[in-house]
Every structure is written in structure tokens, then in C-alpha cells.
């Protein structure tokens with residue numbers, strides 16, 4: 001259900017018709033001004049082609065509600081303090097920002113000095129990792145991806161293990177190698193399957209892949225030993241970002257039995273710099289896929305919903321000027337919802353903390369052109385896909401991968417910007 005009057009909101013800041021960042025969105029991030037000397041990072045929200053400096057807004061006394069008045073949360077170098085304050089603070093911030101940015105509100109519109117101080121062109125800033133990530137979990141929650149992987153590696157007899165339909169499968173990833181969009185990715189080295197009677201291969205990965213995912217950002221956590229109830233889980237999720245969980249498929253295939261992903265996944269995970277709040281996404285809620293068998297009671301949610309978020313992956317090959325679309329899919333196909341993922345993560349008493357990340361796993365749709373990784377698109381390298389006048393089985397050095405996602409509203413978009421990374425050669 002949409003927030004009242006969202007489609008009628010209009011900002012005094014000029015926002016292009018196709019922008020991902022109208023006043024209805026206002027995603028949060030952390031930026032640093034370009035230039036010298038380097039300045040400490042601070043949180044903004046995005047509005048059109050500008051970043052609104054929240055520390056300056058706070059210094060002007062414009063956050064005057066009970067949760068945020070006098071709070072130092074927007075003078076921090078990450079969003080973690082703000083995330084931990086919970087939905088009352090998040091909604092108060094959103095309401096205040098929509099008010100002061102609206103076309104009929106003079107407090108910023110008519111104060112040229114303050115306006116110039118807090119509205120900074122995107123071209124003048126550098127986005128940094130918006131949170132301190134204490135823990136990162138990668139789930140495996142797309143049924144289409146699970147089926148395709150099962151067919152590739154196990155054959156058609158039992159492509160999806162029976163437990164998959166009873167619980168969101170996941171593993172604890174590596175928080176230290178989460179990087180912000182625009183960070184280069186060095187091709188990893190490791191072991192791969194032996195050929196015949198030889199020793200295992202060791203060297204640069206020959207099957208480097210992208211994974212189109214989305215990541216949920218945790219707000220208030222839970223005490224150790226006290227799980228989060230399924231119908232309260234939404235209150236613990238601040239918002240979503242795009243994620244590329246880069247994968248070395250040859251390293252992963254050799255190491256993954258019996259304990260699962262390790263070096264094939266831990267070398268780099270890229271997230272987009274802007275976190276889109278669940279409040280901004282509410283107009284795009286949709287029914288989640290029917291689950292059979294019915295989930296166990298602790299995973300049976302009153303509101304079983306996903307979000308209608310069209311997603312794309314583009315590849316810009318080395319020495320090419322154009323990025324080309326290689327797949328299109330949608331977040332709405334996700335089988336296990338983010339609220340089910342969070343509840344399951346804590347059902348044993350595991351404690352989550354503000355800034356923790358958990359990801360969906362590869363988001364694939366039901367159609368051949370809606371698959372979320374090259375492993376599926378090329379059927380583990382058995383065929384090539386076109387990338388303009390070139391072809392790819394897996395990523396080559398110099399390839400830049402670009403993820404994007406944007407919800408289409410009535411007269412406005414709610415977008416995530418882009419999540420990008422370029423592949424660099426392996427170290428010698």
C-alpha cells in the first residue's frame with residue numbers, strides 16, 4: 001500500500017523524468033567530497049543529481065522530531081548508529097526530508113546559503129561503503145537458480161534437494177571483502193578440479209562469474225538467544241541494495257563438497273552505494289510465490305510479500321564503449337522472502353547487529369533470458385552468449401559488470417542506481 005500522496009510529491013530540486021532518485025525515494029548512503037585534503041565521510045540521501053548532506057541538515061536544526069532532535073547519528077562516518085535507532089527514527093527522517101525538499105516548503109528552497117551548503121552535485125562526491133559490516137550471510141533463495149544449478153551439477157533426477165523447500169539455505173560469507181560499487185575486482189587464484197589422474201589445477205580462476213543478487217541491511221538486531229519473530233522481521237530490515245557476489249565457479253566446484261563455498265566466493269562482494277528503504281519500496285509490494293509444502297509455523301508469515309523490482313545485468317567488454325544487457329529478471333520471483341531469511345537466520349538464537357548484511361543468492365527468473373549468472377546463461381560454459389559482437393562463457397579480464405534495478409511507479413521511479421566492478425588480471 002502506497003504512502004498517502006506519494007505520486008503527487010514534487011521536489012524543488014529539479015529531478016529528470018527517468019531519475020532513480022526522486023523525492024519518493026531518498027535512499028541513504030555515505031559520501032566523501034572530492035578534492036584535497038580528504039574529508040571525513042558523512043551520510044547523505046540522493047535527490048536527483050544531488051546528494052543532500054544530512055549532517056548540514058541536522059546542524060541547521062531541521063531534524064526536530066523526538067527521535068532525531070539533537071542526535072549525532074548523521075555526524076557518523078557510517079549509517080550504523082542510524083540503523084540501530086529503528087523504524088521510528090527512519091520514518092521521522094524520511095518525513096522530515098520529504099517535507100524540506102518539497103516544492104512548496106521554503107525552508108531550503110528559499111535559503112540560498114543553506115541550500116548551496118547541503119545540496120552537493122553528485123559529480124563532486126565519492127560514494128564509500130555506507131555501513132560497517134559485522135556479519136554477512138549469503139542465502140540461496142531463488143527456486144529457478146536452485147533448479148538450474150541442480151541440473152548442471154547433479155542431473156535431472158533430484159535437481160533441488162528436499163530440504164530446500166523447508167528452509168532458506170545459506171552460508172556465512174566474508175564481511176571483510178564487501179566493497180562499494182566501482183571497486184575493481186582482481187581475478188582470484190585457487191585450486192580447480194583435477195584432470196584425469198593429475199593433481200588439482202592451481203592458478204587464476206578460469207570461470208569467473210557475476211551473481212545478480214540483492215542484499216538486505218539489518219537495522220536493530222536481536223539479543224543472543226532470542227530469535228526474531230516472523231511477523232516482526234520487517235521492523236529489523238532497513239532497506240535493500242544491489243549486490244554482485246562475484247564467484248569463481250571452478251574454485252567453488254572443487255572446494256564446495258562437503259562444507260560449501262569458501263575461497264570461490266570470499267575474494268570480493270560488491271554492493272551499490274545507495275540503500276533504498278523498505279518504506280520507499282512499499283508501493284511496489286506484491287504477492288510472493290506460493291510455497292509448497294507450507295512453511296513450518298515459525299516461517300509462516302501473515303504478509304507473504306516480495307517487491308516488484310525489475311533488474312538488469314550489463315557487461316562492458318574491455319576496449320568497448322558500450323555496455324550491453326545480458327540478462328533481465330525481477331526480485332518478485334524470490335521464493336524465500338527477506339523476512340523469512342532473517343527469521344530463519346535467528347531461530348537458533350543467532351544475534352544480528354545493525355549494519356549486518358544478508359543476501360538473497362542469485363536472482364533468476366523462469367525464462368532463459370532471465371537467469372542471474374553466467375553459470376546458468378552458458379550452462380557452465382557449454383555454450384556462449386552474445387555480448388554485442390563478442391561472446392562470453394565466463395568473464396574476461398577488463399570486463400566491467402553493471403547491475404541496475406528500478407521500480408516503475410505512477411509518474412516516478414524508485415531506483416537503486418548501479419552496482420559496478422571491473423575485472424583486473426590475477427596477481428602474478
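Cβ atoms here come from the backbone N, Cα and C positions, even for glycine.
Quick caveat, the model's predicted, so the values are computed rather than measured.
The feature domain 'Fumarylacetoacetase N-terminal' is assigned by TrEMBL to 24-130. The feature domain 'Fumarylacetoacetase-like C-terminal' is assigned by TrEMBL to 137-423. Sequence annotations record features per position, and here TrEMBL assigns Ca(2+) binding site to 138, 211, 213, 245. The substrate binding site annotation in TrEMBL covers 140, 154, 252, 362. Per TrEMBL, the feature active site, proton acceptor maps to 145. Positions annotated as Mg(2+) binding site by TrEMBL: 245, 265, 269.
Take the Cα of residue 211 (Ca(2+) binding site) and measure to each of the binding-site residues 154, 265, 362: the nearest one is 362. Over the domain 'Fumarylacetoacetase-like C-terminal' (137-423) the predicted model carries a mean pLDDT of 97. For residue 245 (Ca(2+) binding site) paired with residue 252 (substrate binding site), the C-alpha to C-alpha distance reads 13 Å. With helix defined as DSSP H, G or I and strand as E or B, the domain 'Fumarylacetoacetase N-terminal' (24-130) counts 43 helix, 22 strand, 42 coil. Put simply, residue 138 (Ca(2+) binding site) is 10 Å from residue 269 (Mg(2+) binding site) when counted between their Cα atoms. When each of the binding-site residues 252, 269, 362 is scored by how many other Cβ atoms sit within 10 Å of its Cβ, 252 comes out lowest.
Highest local Cβ density among the binding-site residues 213, 245 belongs to 213, counted as other Cβ atoms within 10 Å over all protein chains shown. For the recorded Mg(2+) site, residues 245, 265, 269 set the reference point as the centre of their Cβ atoms, and the other residues of that chain within 8 Å of it by Cβ are 138, 173, 174, 177, 211, 243, 244, 246, 247, 266, 268, 359. Take 140, 154, 252, 362, the residues named in the record as contacts for substrate: the widest Cα to Cα gap among them comes to 18 Å. Rounded to a whole value, the Cα-Cα separation of residue 362 (substrate binding site) and residue 213 (Ca(2+) binding site) is 5 Å.
Listed in sequence order, the residues 212, 243, 244, 247, 265, 269, 359, 360, 361, 362 complete the 8 Å Cβ shell around the Ca(2+) site centroid, once 138, 211, 213, 245 themselves are left out.
Of all the recorded positions listed (140, 145, 154, 211, 265), 154 has the fewest other CB atoms within 10 A of its CB. Taking Cα separation as the measure, residue 154 (substrate binding site) is nearest to 145 of the recorded positions 138, 145, 213, 265. Proximity to residue 252 (substrate binding site), judged by a C-alpha distance within 10 Å, picks out none of the recorded positions 138, 145, 213.
In this structure, the C-alpha atom of residue 213 (Ca(2+) binding site) lies 10 angstrom from that of residue 140 (substrate binding site).
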